[in-house]
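Novice: My questions will all concern the structure given below.
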Amino acid sequence: LSAASWRTQSIYFLLTDRFGRTDNSTTATCNTGNEIYCGGSWQGIIDHLDYIEGMGFTAIWISPITEQLPQDTADGEAYHGYWQQKIYDVNSNFGTADNLKSLSDALHARGMYLMVDVVPDHMGYAGNGNDVDYSVFDPFDSSSYFHPYCLITDWDNLTMVEDCWEGDTIVSLPDLDTTETAVRTIWYDWVADLVSNYSVDGLRIDSVLEVQPDFFPGYNKASGVYCVGEIDNGNPASDCPYQKVLDGVLNYPIYWQLLYAFESSSGSISNLYNMIKSVASDCSDPTLLGNFIENHDNPRFAKYTSDYSQAKNVLSYIFLSDGIPIVYAGEEQHYAGGKVPYNREATWLSGYDTSAELYTWIATTNAIRKLAIAADSAYITYANDAFYTDSNTIAMAKGTSGSQVITVLSNKGSSGSSYTLTLSGSGYTSGTKLIEAYTCTSVTVDSSGDIPVPMASGLPRVLLPASVVDSSSLCGGSGRLYVE
């Protein structure tokens, strides 16, 4: 699937080992602290696609599929998929190649898409970097394919980050020399075959900062699909240039400021506002970035705040701003795991509860986004405009003038009072009838061109023209504009 076609998708990210088991158990033990395989499988994903599709997601991103180091080390097992050894074999803990093809087929039968996590940067070895037996790697079976051993100690030194190794002295991550023609040829051929063999629609690329940038244009091109890269860094000046070599990157610059703005009622809205402007100016196309507030590498949002209103605000942001929304499995169940490995809880232990408060919130928010896309062909590429802030509130407009979606977010939390926010600068003219899509409340733009937005309990508000909502399946409308 092309980068342009990915703009309108929404992605549910899961670690295959932690989402669903082949036996469909919802009680099988998964102690995250043990850092071992918990029994998730590709068949387990297939069996619970209704749960994912029920939130309106159109795609899933699954953890890496390659054969991993087999040992149970002091750092645990390779259940996450980032310690690969044999790139032409699939991880048998998750099933067979046919099971993976069946997952791809099951998604496509629903009109959904498959994104696979890939790791061109490194392999994985159970042992010290000085003692690696390179013959265990297929096809990179000699040290000539790799950078000489040195651990990354200074993450601000880009040369070191690219040339030295991630990992530690228990599990070393031998760093492939991606400047070598032999390495490039193998990876470019491999990624083309991966996409072809499993009908893959998109790729998430791990550890992008650790690879020389000029490796990626050939890799992205060979894949023939949308590629979004991971750069775990909050600086748009260093992240955005990677859009010259990849379709998109994960939106870490927004992630950090979104977290800081909404983790408490004293969070900085102004820093988020400034970062929205920075990303818009520094990145060549913010609509191709991957938006998230949770993943498997950072503590969950609920670890910072247990407040449901604050959680709803950050979710509304990732869906209704520029970029492709990504939700990490368990986020919809308000999981609260801290840093790695505690943020890698088994989804099945929630019983796949479709009545959970954030499950239904995500479903509604996804429907609002799909309605905006259906109603306005320019919506998805229209630059999001953060046009109002106060100490607790940010308001944004996205879409063609006259049908723009107005999103109002608050960090006040569930104890926030009820009040009317007089919102100016939305671009709507006096007398325009709007509907707030979460509460189905009618609002009319006043004679000054201001919108009287009814705020309560620190909850987000999203306003669309009444004519658009009335033609949708939201708020008891006619359903003429198809929204799942």
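Including glycine, each Cβ sits where the backbone N, Cα and C put it.
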Novice: Need one residue: from R110, R184, R344, the one Swiss-Prot lists with W83, H122, R204, L209, E210, G234, D297 for substrate.
Specialist: R344
Novice: Based on Swiss-Prot, name the residue from D98, D105, D117, D121 that is recorded for the same Ca(2+) 1 site as E162, D175, E210.
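Specialist: Record source Swiss-Prot; matching candidate: D121.
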Novice: Of the cysteines C227, C283, which is paired with C240 in the disulfide recorded by Swiss-Prot?
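Specialist: Of the listed candidates, Swiss-Prot names C283 as the partner.
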Novice: Look at the disulfide annotations in Swiss-Prot and name the partner of C150 from this list: C164, C227.
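Specialist: Checking Swiss-Prot: disulfide partner of C150 resolves to C164.
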Novice: Whole-number Å distance between the CA of C164 (disulfide bond) and the CA of C30 (disulfide bond)?
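Specialist: Per the Cα atoms, C164 (disulfide bond) and C30 (disulfide bond) stand 34 Å apart.
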Novice: If you count CB neighbours within 10 Å, which one among the disulfide-bonded residues C38, C283, C475 has the smallest count?
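Specialist: Sparsest of the disulfide-bonded residues C38, C283, C475 by Cβ contacts within 10 Å: C475.
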Novice: Listed recorded positions are C30, L209, E210, R344; which of them have CA atoms within 10 A of the CA of E162 (Ca(2+) 1 binding site)?
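Specialist: Of C30, L209, E210, R344, within range: L209, E210.
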Novice: Within 10 Å of E210 (substrate binding site), Cα to Cα, which of the recorded positions D121, D175, C283 are there?
Specialist: D121, D175
Novice: Enumerate the residues of the same chain, D121, E162, D175, E210 excluded, that satisfy the criterion Cβ within 8 A of the mean position of the Cβ atoms of the recorded Ca(2+) 1 site; list them in sequence order.
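Specialist: Checked against the 8 Å cutoff, the neighbours are H122, H147, V161, D163, C164, W165, E166, L176, T178, S207, L209, V211.
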Novice: Let me know how many other Cβ atoms fall within 10 Å of the Cβ of C30 (disulfide bond).
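Specialist: That number is 21.
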Novice: Near C440 (disulfide bond) in space, meaning Cα within 10 angstroms, which of the recorded positions do we find among W83, H122, R204, D206?
Specialist: none
